[in-house]
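This report concerns only the one structure given below.
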(Lines of atoms letter the chains of each structure in order from A and count residues from 1; the text may use other names and numbers.)
(Lines give C-alpha, C1' and ligand atoms only; values in the text may rest on other atoms or scores of the structure.)
Protein backbone atom coordinates (compact mmCIF):
# COMPACT_ATOMS: atom_id res chain seq x y z
CA UNK A 1 0.00 0.00 0.00
CA UNK A 2 1.24 3.46 -0.79
CA UNK A 3 2.01 5.93 1.94
CA UNK A 4 -0.06 9.05 2.51
CA UNK A 5 2.71 11.20 1.07
CA UNK A 6 0.60 11.44 -2.06
CA UNK A 7 2.80 13.43 -4.39
CA UNK A 8 5.96 11.56 -3.46
CA UNK A 9 4.57 8.12 -4.15
CA UNK A 10 6.63 6.04 -6.57
CA UNK A 11 5.09 3.24 -8.59
CA UNK A 12 6.63 0.70 -10.85
CA UNK A 13 5.74 1.60 -14.41
CA UNK A 14 6.48 -0.44 -17.48
CA UNK A 15 5.94 1.06 -20.86
CA UNK A 16 6.95 -1.84 -23.02
CA UNK A 17 4.31 -3.80 -24.92
CA UNK A 18 2.90 -7.26 -24.40
CA UNK A 19 2.82 -7.96 -28.12
CA UNK A 20 5.23 -7.69 -31.01
CA UNK A 21 4.48 -4.34 -32.61
CA UNK A 22 3.88 -4.54 -36.32
CA UNK A 23 5.72 -2.05 -38.52
CA UNK A 24 3.86 -1.33 -41.71
CA UNK A 25 5.06 0.77 -44.63
CA UNK A 26 2.47 2.81 -46.47
CA UNK A 27 2.63 5.33 -49.25
CA UNK A 28 2.55 8.12 -46.68
CA UNK A 29 5.12 6.71 -44.30
CA UNK A 30 5.91 4.06 -41.73
CA UNK A 31 3.48 3.37 -38.90
CA UNK A 32 3.45 1.13 -35.85
CA UNK A 33 0.27 -0.50 -34.66
CA UNK A 34 -1.08 -3.31 -32.54
CA UNK A 35 -1.96 -6.54 -34.35
CA UNK A 36 -5.70 -6.13 -33.70
CA UNK A 37 -5.81 -2.50 -34.84
CA UNK A 38 -5.40 -1.11 -38.31
CA UNK A 39 -2.56 1.21 -39.22
CA UNK A 40 -3.22 4.92 -39.16
CA UNK A 41 -2.12 7.29 -41.89
CA UNK A 42 0.55 9.93 -41.53
CA UNK A 43 -2.13 12.64 -41.46
CA UNK A 44 -4.00 10.87 -38.67
CA UNK A 45 -0.75 10.38 -36.80
CA UNK A 46 -0.05 14.10 -37.00
CA UNK A 47 -3.52 14.92 -35.66
CA UNK A 48 -3.06 12.56 -32.69
CA UNK A 49 -0.89 14.68 -30.41
CA UNK A 50 1.93 12.62 -28.90
CA UNK A 51 1.36 9.58 -31.12
CA UNK A 52 4.67 9.92 -32.98
CA UNK A 53 6.54 10.11 -29.67
CA UNK A 54 4.54 7.16 -28.34
CA UNK A 55 5.37 5.13 -31.47
CA UNK A 56 9.04 5.99 -31.08
CA UNK A 57 8.95 4.64 -27.53
CA UNK A 58 7.43 1.37 -28.74
CA UNK A 59 10.00 0.93 -31.49
CA UNK A 60 12.82 1.65 -29.03
CA UNK A 61 11.21 -0.63 -26.38
CA UNK A 62 11.33 2.27 -23.94
CA UNK A 63 10.82 1.29 -20.32
CA UNK A 64 10.66 3.53 -17.29
CA UNK A 65 12.11 2.76 -13.88
CA UNK A 66 10.59 3.80 -10.57
CA UNK A 67 13.27 6.47 -10.23
CA UNK A 68 12.63 7.92 -13.70
CA UNK A 69 8.89 7.82 -13.16
CA UNK A 70 9.21 9.70 -9.88
CA UNK A 71 11.55 12.29 -11.41
CA UNK A 72 9.22 12.96 -14.36
CA UNK A 73 6.18 13.18 -12.11
CA UNK A 74 7.90 15.65 -9.81
CA UNK A 75 8.91 17.89 -12.70
CA UNK A 76 5.33 17.91 -13.92
CA UNK A 77 4.08 18.63 -10.40
CA UNK A 78 6.47 21.55 -10.00
CA UNK A 79 5.57 23.22 -13.32
CA UNK A 80 2.04 22.21 -14.32
CA UNK A 81 0.25 21.92 -10.97
CA UNK A 82 1.08 25.43 -9.64
CA UNK A 83 -0.02 27.01 -12.93
CA UNK A 84 -3.33 25.16 -12.79
CA UNK A 85 -3.89 25.98 -9.10
CA UNK A 86 -3.07 29.69 -9.32
CA UNK A 87 -5.17 30.14 -12.47
CA UNK A 88 -8.15 28.39 -10.87
CA UNK A 89 -7.79 30.60 -7.79
CA UNK A 90 -7.72 33.77 -9.91
CA UNK A 91 -10.75 32.58 -11.85
CA UNK A 92 -12.79 32.22 -8.67
CA UNK A 93 -11.65 35.59 -7.32
CA UNK A 94 -12.45 37.38 -10.58
CA UNK A 95 -15.84 35.69 -10.96
CA UNK A 96 -16.89 36.60 -7.40
CA UNK A 97 -15.31 40.09 -7.37
CA UNK A 98 -18.83 41.44 -7.84
CA UNK A 99 -19.75 40.28 -4.33
CA UNK A 100 -16.81 42.14 -2.78
CA UNK A 101 -17.54 45.28 -4.82
CA UNK A 102 -21.13 45.16 -3.61
CA UNK A 103 -19.92 45.92 -0.09
CA UNK A 104 -18.46 49.24 -1.25
CA UNK A 105 -21.23 50.92 -3.18
CA UNK A 106 -21.22 49.05 -6.49
CA UNK A 107 -25.02 48.82 -6.73
CA UNK A 108 -25.48 52.49 -5.92
CA UNK A 109 -22.80 53.55 -8.42
CA UNK A 110 -24.53 51.68 -11.27
CA UNK A 111 -28.03 52.56 -10.00
CA UNK A 112 -29.10 48.91 -9.88
CA UNK A 113 -32.68 48.11 -8.92
CA UNK A 114 -34.65 45.04 -7.89
CA UNK A 115 -32.89 41.80 -8.77
CA UNK A 116 -30.52 43.36 -11.31
CA UNK A 117 -27.53 42.54 -9.12
CA UNK A 118 -28.63 38.89 -9.07
CA UNK A 119 -28.75 38.92 -12.86
CA UNK A 120 -25.21 40.29 -12.98
CA UNK A 121 -24.07 37.47 -10.69
CA UNK A 122 -25.71 34.85 -12.90
CA UNK A 123 -24.87 36.35 -16.30
CA UNK A 124 -21.29 35.09 -16.19
CA UNK A 125 -22.64 31.53 -16.43
CA UNK A 126 -24.58 32.28 -19.62
CA UNK A 127 -21.35 33.34 -21.29
CA UNK A 128 -19.62 30.32 -19.76
CA UNK A 129 -22.21 27.96 -21.25
CA UNK A 130 -22.22 29.53 -24.73
CA UNK A 131 -18.46 29.20 -25.24
CA UNK A 132 -18.05 25.72 -23.70
CA UNK A 133 -17.56 23.66 -26.82
CA UNK A 134 -15.85 26.28 -29.02
CA UNK A 135 -13.18 26.84 -26.37
CA UNK A 136 -12.56 23.11 -25.93
CA UNK A 137 -12.33 22.61 -29.68
CA UNK A 138 -9.71 25.37 -29.84
CA UNK A 139 -7.75 23.69 -27.04
CA UNK A 140 -7.52 20.56 -29.17
CA UNK A 141 -6.90 22.28 -32.49
CA UNK A 142 -4.26 24.75 -31.34
CA UNK A 143 -1.61 25.03 -28.63
CA UNK A 144 -3.37 24.88 -25.26
CA UNK A 145 -0.89 27.28 -23.66
CA UNK A 146 -1.69 29.95 -26.24
CA UNK A 147 -5.46 29.45 -26.11
CA UNK A 148 -5.57 29.57 -22.31
CA UNK A 149 -3.00 32.37 -22.08
CA UNK A 150 -5.03 34.58 -24.45
CA UNK A 151 -8.38 33.83 -22.80
CA UNK A 152 -6.97 34.52 -19.31
CA UNK A 153 -5.62 37.87 -20.55
CA UNK A 154 -9.00 38.74 -22.04
CA UNK A 155 -10.98 37.85 -18.93
CA UNK A 156 -8.53 39.91 -16.85
CA UNK A 157 -9.26 42.79 -19.21
CA UNK A 158 -13.00 42.24 -18.66
CA UNK A 159 -12.49 42.44 -14.89
CA UNK A 160 -10.48 45.64 -15.25
CA UNK A 161 -12.99 47.27 -17.61
CA UNK A 162 -15.84 46.61 -15.19
CA UNK A 163 -14.64 49.87 -13.59
CA UNK A 164 -15.87 51.70 -16.69
CA UNK A 165 -19.37 50.21 -16.64
CA UNK A 166 -21.88 52.91 -15.75
CA UNK A 167 -25.19 51.06 -15.82
CA UNK A 168 -26.87 47.67 -15.71
CA UNK A 169 -26.71 47.03 -19.46
CA UNK A 170 -22.98 47.66 -19.89
CA UNK A 171 -22.24 45.57 -16.80
CA UNK A 172 -24.37 42.71 -18.18
CA UNK A 173 -22.39 42.68 -21.42
CA UNK A 174 -19.13 42.75 -19.47
CA UNK A 175 -20.16 39.81 -17.28
CA UNK A 176 -21.34 37.77 -20.28
CA UNK A 177 -18.02 38.24 -22.09
CA UNK A 178 -16.13 37.50 -18.86
CA UNK A 179 -17.92 34.14 -18.67
CA UNK A 180 -17.05 33.35 -22.29
CA UNK A 181 -13.33 33.69 -21.61
CA UNK A 182 -13.39 32.05 -18.16
CA UNK A 183 -14.84 28.94 -19.82
CA UNK A 184 -11.35 27.93 -20.92
CA UNK A 185 -10.01 27.15 -17.47
CA UNK A 186 -11.87 24.47 -15.48
CA UNK A 187 -13.00 22.49 -18.57
CA UNK A 188 -9.60 22.95 -20.21
CA UNK A 189 -7.64 21.92 -17.14
CA UNK A 190 -9.91 18.88 -16.73
CA UNK A 191 -8.86 17.67 -20.18
CA UNK A 192 -5.23 18.69 -19.71
CA UNK A 193 -4.81 16.88 -16.39
CA UNK A 194 -5.35 13.64 -18.30
CA UNK A 195 -2.63 14.68 -20.77
CA UNK A 196 -0.01 14.85 -18.02
CA UNK A 197 -0.90 12.33 -15.31
CA UNK A 198 -1.55 8.60 -15.13
CA UNK A 199 -4.92 7.21 -14.10
CA UNK A 200 -3.50 6.53 -10.66
CA UNK A 201 -2.07 10.02 -10.16
CA UNK A 202 -4.91 11.95 -11.77
CA UNK A 203 -7.55 12.31 -9.00
CA UNK A 204 -5.23 13.86 -6.40
CA UNK A 205 -3.85 16.36 -8.91
CA UNK A 206 -7.34 17.21 -10.14
CA UNK A 207 -8.43 17.77 -6.54
CA UNK A 208 -5.38 19.94 -5.78
CA UNK A 209 -5.88 22.42 -8.61
CA UNK A 210 -9.65 22.42 -8.13
CA UNK A 211 -9.05 23.47 -4.51
CA UNK A 212 -8.26 26.87 -6.03
CA UNK A 213 -11.94 27.61 -5.39
CA UNK A 214 -11.30 27.23 -1.68
CA UNK A 215 -8.09 29.26 -1.80
CA UNK A 216 -9.91 31.95 -3.77
CA UNK A 217 -12.61 31.98 -1.12
CA UNK A 218 -10.07 32.32 1.71
CA UNK A 219 -8.24 35.17 -0.03
CA UNK A 220 -11.50 36.80 -1.06
CA UNK A 221 -12.76 36.77 2.53
CA UNK A 222 -10.08 39.29 3.44
CA UNK A 223 -10.35 41.51 0.36
CA UNK A 224 -12.99 43.75 2.02
CA UNK A 225 -10.67 44.39 4.97
CA UNK A 226 -7.95 45.67 2.66
CA UNK A 227 -10.30 47.83 0.60
CA UNK A 228 -11.91 49.24 3.75
CA UNK A 229 -8.56 50.78 4.70
CA UNK A 230 -8.89 53.11 1.68
CA UNK A 231 -10.81 56.24 2.62
CA UNK A 232 -14.08 56.63 0.68
CA UNK A 233 -13.28 60.33 0.31
CA UNK A 234 -9.74 59.80 -0.99
CA UNK A 235 -9.06 61.16 -4.50
CA UNK A 236 -8.93 58.65 -7.33
CA UNK A 237 -11.06 55.56 -8.02
CA UNK A 238 -14.00 54.60 -5.85
CA UNK A 239 -13.42 51.83 -3.32
CA UNK A 240 -15.32 49.25 -5.39
CA UNK A 241 -13.27 50.11 -8.46
CA UNK A 242 -10.00 49.24 -6.69
CA UNK A 243 -11.16 45.62 -6.45
CA UNK A 244 -11.55 45.31 -10.21
CA UNK A 245 -8.38 47.26 -10.99
CA UNK A 246 -6.25 45.08 -8.73
CA UNK A 247 -7.72 41.69 -9.66
CA UNK A 248 -7.85 42.52 -13.37
CA UNK A 249 -4.23 43.67 -13.47
CA UNK A 250 -3.00 40.61 -11.57
CA UNK A 251 -4.87 38.24 -13.90
CA UNK A 252 -3.58 39.98 -17.03
CA UNK A 253 0.00 39.75 -15.74
CA UNK A 254 -0.47 36.06 -14.89
CA UNK A 255 -1.66 35.31 -18.43
CA UNK A 256 1.89 35.89 -19.71
CA UNK A 257 3.18 33.19 -17.35
CA UNK A 258 0.66 30.76 -18.85
CA UNK A 259 1.40 31.81 -22.43
CA UNK A 260 5.14 31.26 -22.11
CA UNK A 261 5.51 28.56 -19.43
CA UNK A 262 2.57 26.13 -19.84
CA UNK A 263 3.52 23.41 -22.38
CA UNK A 264 0.91 21.98 -24.72
CA UNK A 265 1.56 18.31 -23.87
CA UNK A 266 4.27 15.96 -22.54
CA UNK A 267 5.46 15.48 -26.12
CA UNK A 268 6.59 19.12 -26.23
CA UNK A 269 7.46 19.76 -22.57
CA UNK A 270 10.43 22.15 -22.46
CA UNK A 271 11.34 21.05 -18.93
CA UNK A 272 11.90 17.42 -19.98
CA UNK A 273 14.76 16.05 -22.03
CA UNK A 274 13.85 14.38 -25.37
CA UNK A 275 14.34 10.97 -23.75
CA UNK A 276 12.07 11.85 -20.84
CA UNK A 277 9.41 13.23 -23.17
CA UNK A 278 9.15 9.76 -24.70
CA UNK A 279 8.75 8.26 -21.24
CA UNK A 280 6.25 10.94 -20.19
CA UNK A 281 4.06 10.12 -23.20
CA UNK A 282 4.38 6.40 -22.48
CA UNK A 283 3.20 7.07 -18.92
CA UNK A 284 -0.08 8.69 -20.00
CA UNK A 285 -0.60 6.20 -22.83
CA UNK A 286 -1.41 3.83 -19.98
CA UNK A 287 -4.59 5.85 -19.39
CA UNK A 288 -5.89 4.19 -22.58
CA UNK A 289 -7.72 7.35 -23.71
CA UNK A 290 -4.96 9.13 -25.63
CA UNK A 291 -3.83 12.74 -25.19
CA UNK A 292 -5.64 15.01 -27.64
CA UNK A 293 -6.60 15.11 -31.29
CA UNK A 294 -6.52 18.22 -33.48
CA UNK A 295 -9.28 16.93 -35.75
CA UNK A 296 -13.01 17.07 -35.01
CA UNK A 297 -14.18 13.46 -35.31
CA UNK A 298 -17.81 13.42 -36.51
CA UNK A 299 -18.04 9.68 -35.87
CA UNK A 300 -17.74 10.30 -32.13
CA UNK A 301 -20.58 12.82 -31.88
CA UNK A 302 -23.61 10.49 -31.88
CA UNK A 303 -21.98 7.90 -29.57
CA UNK A 304 -21.13 10.74 -27.18
CA UNK A 305 -24.69 12.04 -27.16
CA UNK A 306 -25.91 8.48 -26.46
CA UNK A 307 -23.34 7.89 -23.71
CA UNK A 308 -25.26 7.10 -20.52
CA UNK A 309 -22.30 8.18 -18.36
CA UNK A 310 -22.51 11.73 -19.69
CA UNK A 311 -26.19 12.09 -18.86
CA UNK A 312 -25.82 10.62 -15.37
CA UNK A 313 -23.02 13.11 -14.76
CA UNK A 314 -25.15 15.90 -16.27
CA UNK A 315 -27.95 15.15 -13.79
CA UNK A 316 -25.53 14.89 -10.89
CA UNK A 317 -23.75 18.16 -11.68
CA UNK A 318 -26.95 20.10 -12.38
CA UNK A 319 -28.49 18.95 -9.10
CA UNK A 320 -25.42 20.02 -7.11
CA UNK A 321 -24.80 23.27 -9.01
CA UNK A 322 -27.88 25.00 -7.61
CA UNK A 323 -26.63 24.61 -4.00
CA UNK A 324 -23.17 25.61 -5.22
CA UNK A 325 -24.59 28.87 -6.56
CA UNK A 326 -26.14 29.57 -3.17
CA UNK A 327 -22.88 28.85 -1.33
CA UNK A 328 -20.75 30.91 -3.74
CA UNK A 329 -22.96 33.99 -3.60
CA UNK A 330 -24.57 33.97 -0.17
CA UNK A 331 -22.20 32.30 2.30
CA UNK A 332 -21.38 35.55 4.06
CA UNK A 333 -25.01 36.68 4.19
CA UNK A 334 -26.27 33.35 5.57
CA UNK A 335 -23.55 33.27 8.26
CA UNK A 336 -24.15 36.90 9.22
CA UNK A 337 -27.88 36.24 9.56
CA UNK A 338 -27.06 33.57 12.15
CA UNK A 339 -26.20 36.49 14.45
CA UNK A 340 -22.48 37.09 13.89
CA UNK A 341 -20.79 40.46 13.41
CA UNK A 342 -19.30 41.46 10.06
CA UNK A 343 -15.72 40.85 11.25
CA UNK A 344 -16.57 37.42 12.66
CA UNK A 345 -18.52 36.54 9.52
CA UNK A 346 -15.36 37.07 7.43
CA UNK A 347 -13.38 34.65 9.59
CA UNK A 348 -16.17 32.08 9.83
CA UNK A 349 -16.75 32.12 6.07
CA UNK A 350 -13.08 31.33 5.47
CA UNK A 351 -13.44 28.24 7.68
CA UNK A 352 -15.91 26.88 5.13
CA UNK A 353 -13.42 27.52 2.34
CA UNK A 354 -10.69 25.75 4.31
CA UNK A 355 -13.09 22.85 4.84
CA UNK A 356 -13.43 22.61 1.06
CA UNK A 357 -9.64 22.50 0.62
CA UNK A 358 -9.18 19.84 3.32
CA UNK A 359 -12.00 17.69 1.91
CA UNK A 360 -10.44 17.77 -1.57
CA UNK A 361 -6.96 16.89 -0.32
CA UNK A 362 -8.26 14.07 1.90
CA UNK A 363 -10.37 12.72 -0.96
CA UNK A 364 -7.39 12.88 -3.29
CA UNK A 365 -5.10 11.05 -0.87
CA UNK A 366 -7.71 8.31 -0.40
CA UNK A 367 -8.04 7.76 -4.14
CA UNK A 368 -4.24 7.71 -4.48
CA UNK A 369 -3.75 5.03 -1.85
CA UNK A 370 -6.75 2.78 -2.39
CA UNK A 371 -7.67 1.36 -5.78
CA UNK A 372 -11.06 2.12 -7.34
CA UNK A 373 -12.21 4.49 -4.59
CA UNK A 374 -13.00 7.60 -6.65
CA UNK A 375 -16.77 7.23 -6.53
CA UNK A 376 -16.70 5.76 -3.03
CA UNK A 377 -14.88 8.86 -1.76
CA UNK A 378 -17.28 11.04 -3.72
CA UNK A 379 -20.35 9.35 -2.26
CA UNK A 380 -18.94 9.58 1.26
CA UNK A 381 -18.68 13.34 0.71
CA UNK A 382 -22.19 13.36 -0.79
CA UNK A 383 -23.59 11.69 2.33
CA UNK A 384 -21.91 14.35 4.50
CA UNK A 385 -23.55 17.02 2.34
CA UNK A 386 -27.01 15.43 2.56
CA UNK A 387 -26.83 15.14 6.36
CA UNK A 388 -25.43 18.68 6.72
CA UNK A 389 -28.08 20.16 4.42
CA UNK A 390 -30.76 18.33 6.42
CA UNK A 391 -29.40 19.84 9.63
CA UNK A 392 -29.46 23.32 8.11
CA UNK A 393 -33.03 22.83 6.95
CA UNK A 394 -34.51 21.39 10.13
CA UNK A 395 -32.38 22.38 13.13
CA UNK A 396 -34.01 25.14 15.22
CA UNK A 397 -32.53 28.63 14.89
CA UNK A 398 -31.08 28.69 18.43
CA UNK A 399 -28.75 25.78 17.52
CA UNK A 400 -26.42 28.33 15.94
CA UNK A 401 -23.13 26.44 16.10
CA UNK A 402 -24.63 23.17 14.91
CA UNK A 403 -26.15 24.97 11.94
CA UNK A 404 -22.87 26.76 11.26
CA UNK A 405 -20.83 23.55 11.33
CA UNK A 406 -23.38 21.98 9.00
CA UNK A 407 -22.96 24.92 6.63
CA UNK A 408 -19.19 24.48 6.70
CA UNK A 409 -19.51 20.78 5.90
CA UNK A 410 -21.62 21.27 2.77
CA UNK A 411 -18.38 22.53 1.21
CA UNK A 412 -17.42 18.84 0.93
CA UNK A 413 -19.61 18.89 -2.19
CA UNK A 414 -16.53 19.90 -4.20
CA UNK A 415 -15.23 16.33 -3.89
CA UNK A 416 -18.22 15.02 -5.83
CA UNK A 417 -17.87 17.61 -8.58
CA UNK A 418 -14.13 17.02 -8.90
CA UNK A 419 -14.76 13.27 -9.21
CA UNK A 420 -17.25 13.99 -12.00
CA UNK A 421 -14.45 15.76 -13.85
CA UNK A 422 -12.10 12.83 -13.21
CA UNK A 423 -14.67 10.53 -14.81
CA UNK A 424 -14.32 12.55 -18.02
CA UNK A 425 -10.53 12.61 -18.12
CA UNK A 426 -9.98 8.97 -17.12
CA UNK A 427 -13.05 7.03 -18.31
CA UNK A 428 -13.82 8.49 -21.73
CA UNK A 429 -11.75 7.74 -24.82
CA UNK A 430 -11.69 9.79 -28.02
CA UNK A 431 -10.89 13.50 -27.80
CA UNK A 432 -14.08 14.68 -29.52
CA UNK A 433 -16.06 12.41 -27.21
CA UNK A 434 -14.32 13.88 -24.14
CA UNK A 435 -14.83 17.47 -25.23
CA UNK A 436 -18.55 16.87 -25.79
CA UNK A 437 -18.78 15.22 -22.36
CA UNK A 438 -16.97 18.11 -20.72
CA UNK A 439 -19.14 20.68 -22.51
CA UNK A 440 -22.36 18.91 -21.47
CA UNK A 441 -21.25 18.62 -17.85
CA UNK A 442 -20.13 22.24 -17.56
CA UNK A 443 -23.34 23.39 -19.24
CA UNK A 444 -25.21 21.65 -16.43
CA UNK A 445 -22.89 23.40 -13.98
CA UNK A 446 -23.75 26.76 -15.56
CA UNK A 447 -27.51 26.23 -15.62
CA UNK A 448 -27.53 25.20 -11.98
CA UNK A 449 -25.39 28.12 -10.87
CA UNK A 450 -27.63 30.62 -12.64
CA UNK A 451 -30.41 29.77 -10.18
CA UNK A 452 -28.16 30.17 -7.14
CA UNK A 453 -28.03 33.99 -6.99
CA UNK A 454 -31.82 34.28 -6.85
CA UNK A 455 -32.15 33.45 -3.15
CA UNK A 456 -35.08 35.31 -1.62
CA UNK A 457 -33.72 37.82 0.88
CA UNK A 458 -37.19 38.00 2.43
CA UNK A 459 -36.66 34.47 3.77
CA UNK A 460 -33.76 35.51 6.01
CA UNK A 461 -32.57 34.22 8.42
CA UNK A 462 -33.80 30.69 7.63
CA UNK A 463 -33.74 30.81 3.81
CA UNK A 464 -36.21 27.91 3.60
CA UNK A 465 -36.08 27.55 -0.17
CA UNK A 466 -32.28 27.72 -0.26
CA UNK A 467 -31.77 25.09 2.45
CA UNK A 468 -34.43 22.84 0.90
CA UNK A 469 -32.64 23.25 -2.44
CA UNK A 470 -29.36 22.20 -0.83
CA UNK A 471 -30.94 19.06 0.61
CA UNK A 472 -32.72 18.10 -2.62
CA UNK A 473 -29.71 18.82 -4.82
CA UNK A 474 -27.25 16.81 -2.76
CA UNK A 475 -29.68 13.90 -2.45
CA UNK A 476 -30.12 13.71 -6.24
CA UNK A 477 -26.37 13.96 -6.69
CA UNK A 478 -25.83 11.06 -4.28
CA UNK A 479 -28.35 8.86 -6.10
CA UNK A 480 -26.78 9.67 -9.49
CA UNK A 481 -23.23 8.89 -8.43
CA UNK A 482 -24.20 5.66 -6.68
CA UNK A 483 -25.96 4.67 -9.90
CA UNK A 484 -22.88 5.57 -11.95
CA UNK A 485 -20.67 3.43 -9.71
CA UNK A 486 -22.97 0.41 -10.06
CA UNK A 487 -23.37 0.84 -13.83
CA UNK A 488 -19.63 1.06 -14.51
CA UNK A 489 -18.88 -1.88 -12.22
CA UNK A 490 -21.45 -4.02 -14.04
CA UNK A 491 -20.07 -2.88 -17.42
CA UNK A 492 -16.56 -3.98 -16.43
CA UNK A 493 -17.83 -7.42 -15.39
CA UNK A 494 -19.76 -7.82 -18.65
CA UNK A 495 -16.68 -6.94 -20.69
CA UNK A 496 -14.55 -9.39 -18.74
CA UNK A 497 -17.11 -12.11 -19.38
CA UNK A 498 -17.46 -11.28 -23.09
CA UNK A 499 -13.84 -10.54 -24.03
CA UNK A 500 -11.77 -12.09 -21.26
CA UNK A 501 -8.91 -10.31 -19.49
CA UNK A 502 -8.02 -6.99 -21.15
CA UNK A 503 -4.85 -6.63 -23.21
CA UNK A 504 -3.47 -3.44 -21.66
CA UNK A 505 -0.91 -2.86 -24.42
CA UNK A 506 -3.56 -3.11 -27.14
CA UNK A 507 -5.77 -0.78 -25.12
CA UNK A 508 -2.95 1.78 -24.93
CA UNK A 509 -2.58 1.67 -28.71
CA UNK A 510 -6.33 2.11 -29.19
CA UNK A 511 -6.33 5.10 -26.85
CA UNK A 512 -3.42 6.73 -28.64
CA UNK A 513 -5.27 6.19 -31.94
CA UNK A 514 -8.14 8.27 -30.50
CA UNK A 515 -10.57 5.36 -30.14
CA UNK A 516 -13.48 5.70 -27.73
CA UNK A 517 -14.00 3.26 -24.87
CA UNK A 518 -16.83 1.73 -26.91
CA UNK A 519 -14.46 0.96 -29.79
CA UNK A 520 -11.79 -0.37 -27.43
CA UNK A 521 -12.85 -3.80 -26.14
CA UNK A 522 -9.85 -3.89 -23.79
CA UNK A 523 -10.88 -0.73 -21.95
CA UNK A 524 -12.10 -1.03 -18.35
CA UNK A 525 -13.51 1.79 -16.24
CA UNK A 526 -11.66 2.99 -13.17
CA UNK A 527 -14.08 3.38 -10.30
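Every residue, even glycine, has its Cβ placed from backbone N, Cα and C.
Taken from TrEMBL, the feature compositional bias 'Polar residues' applies to 11-20.
Mean pLDDT for the domain 'Major facilitator superfamily (MFS) profile' (80-495) in this predicted model: 89. Look at TrEMBL and you will find 80-495 tagged as domain 'Major facilitator superfamily (MFS) profile'.
The annotation region 'Disordered' is assigned in TrEMBL to 1-20.
Feature annotation from TrEMBL assigns transmembrane segment to 147-164 (among others). Counting only same-chain residues 6+ beyond the ends of the transmembrane segment (147-164), those with a CB under 8 A from a CB of the stretch are 87, 90-91, 94, 97, 101, 135, 138-139, 170-171, 174, 177-178, 181-185, 188, 237, 241, 244-245, 247-256, 258-260, 262.
When Cβ-Cβ distances below 8 Å are used as the criterion, the transmembrane segment (176-197) is approached by residues 50, 73, 76, 80, 84, 87-88, 91, 94-95, 123-132, 135-136, 139, 144, 147-148, 151-152, 154-155, 158-159, 205-206, 209-210, 265-266, 280, 284, 287, 289, 291-292, 421, 424-426, 434-435, 438-439, 442 of the same chain, each at least six residues removed from its ends. If you look up TrEMBL, you'll see 176-197 (among others) marked as transmembrane segment.
Residues or ranges marked as transmembrane segment in TrEMBL: 209-230 (among others).
Per TrEMBL, the feature transmembrane segment maps to 242-262 (among others). Beyond the ends of the transmembrane segment (242-262), by six or more residues, the same chain brings 79-80, 83, 86-87, 90, 93-94, 97, 100-101, 104, 144-146, 148-150, 152-153, 155-163, 223, 227, 230 to within a C-beta distance below 8 angstroms of the stretch.
Annotation comment: TrEMBL describes 310-335 (among others) as transmembrane segment.
The feature transmembrane segment is assigned by TrEMBL to 375-395 (among others). The list of residues near the transmembrane segment (375-395) in space but at least 6 beyond its ends in sequence, with Cβ under 8 angstroms from a Cβ of it, reads 323, 359, 363, 366-367, 402-403, 405-407, 409-410, 412-413, 415-416, 419-420, 464, 467-468, 470-471, 473-475, 477-478, 481-482, 484-485, 488, 527.
Annotated transmembrane segment per TrEMBL: 401-424 (among others), in sequence order.
Marked as transmembrane segment by TrEMBL: 436-455 (among others).
Here TrEMBL flags 467-490 (among others) as transmembrane segment.
Counting Cβ pairs under 8 Å to the transmembrane segment (467-490), the top-ranked stretch among 209-230, 310-335, 401-424, 436-455 is 310-335. Simply put, out of 209-230, 310-335, 401-424, 310-335 has the most Cβ pairs sitting under 8 Å from the transmembrane segment (436-455).
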